[in-house]
Amino acid sequence: MSLLLNLANTFLYMVNTYIVVPTADDYSLSLGAPATVCGVIIGSMAVAQVFSSVYFSAWSNKSYFKPLIFSSIMLLLGNLLYALAYDLSSIAVLIIGRLLCGLDSARAVNRRYISDCVLLKLRMKASAGFVSASALGMACGPALAGLLQTKFKIYSLTFNKNTLPGWVMAVAWLIYLIWMWISFKEPVHDFEENHFPQDSGVVGQSEHGIVQSLLISESKDDEEDERDYDESEEASVKSHEPASSISSAYKLLTPSVKVCNFSNQSLKIDIFIILDSHSLKVQLLICFMLKYAMEILLAESSVITTFYFSWPSSSVAIFLAVLCLTVLPVNAIVGSYLTNIFEDRQILLASEIMLLVGVILSFRVTGPYSVSQYISSALITFVSAEVLESK
């Protein structure tokens, strides 16, 4: 149940992030701000999340229950401010509400819980559940916004397509808070207790078995190490030879490197350092640029489609929901099929090229800007960014 609550937290937070995307430009206009302020409204939550990751990670060293409770309460207040900004006619209150939601993101706690508290045999499934919950939240957010196309008033409070996302998410976080308070169980943080049996005879037998296993496999390991060294030396010599064509140059890309190898028979651990400082900077730059391109695509979708195609908010919501749903099949294809055929570096390079193609296609150069051009460029850009993020 505690794992399910963490996954539900991930799902709700992603819904909270993207539920405002289809109507953010209309909300800005209703408060007297330009439509392009929607980028600030959408992006402020992600910017604030940079800071929340730091103190929530530190807090999770002592507790998981308390940061999740605190996050739920503050997200409830943040969404209330977002909804009340319409009646207060204040763009500042609107942005403060979104900042408050980002400052109380518990995604770092959700990841920490999976890595620390989930059994090893279930950890891969839990990680896959985390990714799936995030993807479903991205899709359900815009889809839910498309359903909230109504308008009514209760006393002096206005409920319309702009404020309903805030009201709905406030109610959702209230329900989650009650569920969390009743069902969540704080795991034991002292992981050093009761890990090993105290029976000396059992321990002696285990040590004897391990030593015997090591002695049996020692000669095999030496042979494998020598063979791996010869193959790596041969590959290194070939990699320094000049490429004779573009295809041969593409094959000379540095292959993916195994980080850790745990052998069940010999308990040997091989650790390789795979990134120098330059490679690390490149990887961080790739992560930044793919998120930059993805968030621009999502944030400007309502402005672009309204200006060029006169799409209503419901159509924008359906488009974004379908676009975000591509995350699940794309990750499945890349994870189970493409990674078995191509090297990681090759997939990364191809994805970066396709991402560039998608961005270029999104510009209007000559002639009218068609719906097919926009949808094609958005699909290429989003899918390529997702492939990069999954790698």
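Keep in mind that glycine also has a Cβ here, set from the backbone N, Cα and C atoms.
The following features are taken from TrEMBL:
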- 220-234: compositional bias 'Acidic residues' (COMPBIAS)
- 219-241: region 'Disordered' (REGION)
- 31-56: transmembrane segment (TRANSMEM)
- 68-85: transmembrane segment (TRANSMEM)
- 130-152: transmembrane segment (TRANSMEM)
- 164-182: transmembrane segment (TRANSMEM)
- 315-335: transmembrane segment (TRANSMEM)
- 347-365: transmembrane segment (TRANSMEM)
How about the transmembrane segment (68-85) and the transmembrane segment (164-182): at least 3 CB pairs under 8 Å, pairs 6 or more apart in sequence, or not? yes
Could you check whether the transmembrane segment (130-152) and the transmembrane segment (164-182) come into contact, where contact means at least 3 Cβ pairs under 8 Å with the two residues of each pair 6 or more apart in sequence? yes
Near the transmembrane segment (164-182), which residues from the same chain, at least 6 beyond its ends, have a CB less than 8 A from one of its CBs? 5, 8-9, 12, 15-16, 19-20, 23, 65, 68-69, 72-73, 75-76, 79-84, 97, 144-145, 148, 150
